[in-house]
């Protein structure tokens, strides 16, 4: 029996990440090789022509799973009936702009999109915010869509999580699929904390802790953290464009694990509405280690937090609290 199509919204769909993301969704990377999809693509009026070009290419690619495409600049049309919303559109920080200016632009964008999702999306719509500042954009969306359950609004830190896996795999010269249970704590910013204290690598003699195999705490506590924190900037320097392919791939990973579940014994990092676990500030969107089952995420509890980690969790939490206050000041 064929499955009913799932409606997936991508905002900012004519942009770089959108262009990388929509074919992945249409090919089944996000929801599985047996799940038909209808793509809803939203962008701003100046990008309407480019958006139509993306639609033409989706038609030309003849994806068997793609059962329809809505390409629009109308937020209500874009949000109507969607089951999953990937919010890639936002206002990027430009040279010379103050943080408050960027925050103010994004607050107004996410306020209007929150209202449209709340009124027109399918019940139990799952939302993933990718556009920066991702954690705080997700919080604004939550505030202005009170009927969408808080647990259904998340932000992307899976890109950072995957970057951390990649760095460990390169350092140890092992397959990335053999590395698991790194954690990204906190904000998707340069204060995020990539933590390997609970991470393991599959070896011929069983699973071994990353620290035991790397045998270089100075690197793991220093350069490794900086590489992951600054990876986005390094890619901009190399490509003269921001990371789009890896961001799109991580968005697919995030939704796939959320909807279809994480593997037994494995957790992933997701920015979720904080309940104060691990003494993180409550009431912000904070990245935690989570497992997913039956379409629901659960924060992994009971992990030991050492002194260095405690400081880093507090630092990124303080930044999120400050961002929240800044965002709320833009509303007044």
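Each Cβ is built from the backbone N, Cα and C atoms, and glycine gets one as well.
No curator has checked TrEMBL annotations; they are predicted automatically.
In sequence order, 132, 133, 134, 135, 155, 156, 157, 159, 160, 271, 287 constitute the residues six or more apart from residue 188 (active site, proton acceptor) in its chain with CB-CB distances below 8 Å. According to TrEMBL, the active site, proton acceptor annotation covers 188.
On its own chain, residue 18 (NAD(+) binding site) has 10, 11, 12, 41, 43, 54, 88, 89 as residues at least 6 apart in sequence with a Cβ closer than 8 Å to its own Cβ. The NAD(+) binding site annotation in TrEMBL covers 12, 13, 14, 15, 16, 17, 18, 43, 106, 130, 131, 132.
For 93, 99, 132, 163, the entry in TrEMBL reads substrate binding site.
DSSP assignment over the domain 'Lactate/malate dehydrogenase N-terminal' (6-153) gives 69 helix, 28 strand, 51 coil. Look at TrEMBL and you will find 6-153 tagged as domain 'Lactate/malate dehydrogenase N-terminal'.
Per TrEMBL, the feature domain 'Lactate/malate dehydrogenase C-terminal' maps to 157-327. Predicted-model confidence for the domain 'Lactate/malate dehydrogenase C-terminal' (157-327) is 97, expressed as mean pLDDT.
If you take the C-beta of residue 99 (substrate binding site) and look for same-chain residues 6 or more apart in sequence within under 8 angstroms, you find 93, 326.
Candidate binding-site residues: 93, 163. Fewest other C-beta atoms within 10 angstroms, 93. Comparing residue 163 (substrate binding site) with residue 131 (NAD(+) binding site), their Cα atoms are 18 Å apart once rounded.
In sequence order, 41, 43, 47, 50, 51, 53, 54 constitute the residues six or more apart from residue 14 (NAD(+) binding site) in its chain with CB-CB distances below 8 Å. Residue annotation for substrate gives 93, 99, 132, 163. The furthest Cα pair among them is separated by 25 Å.
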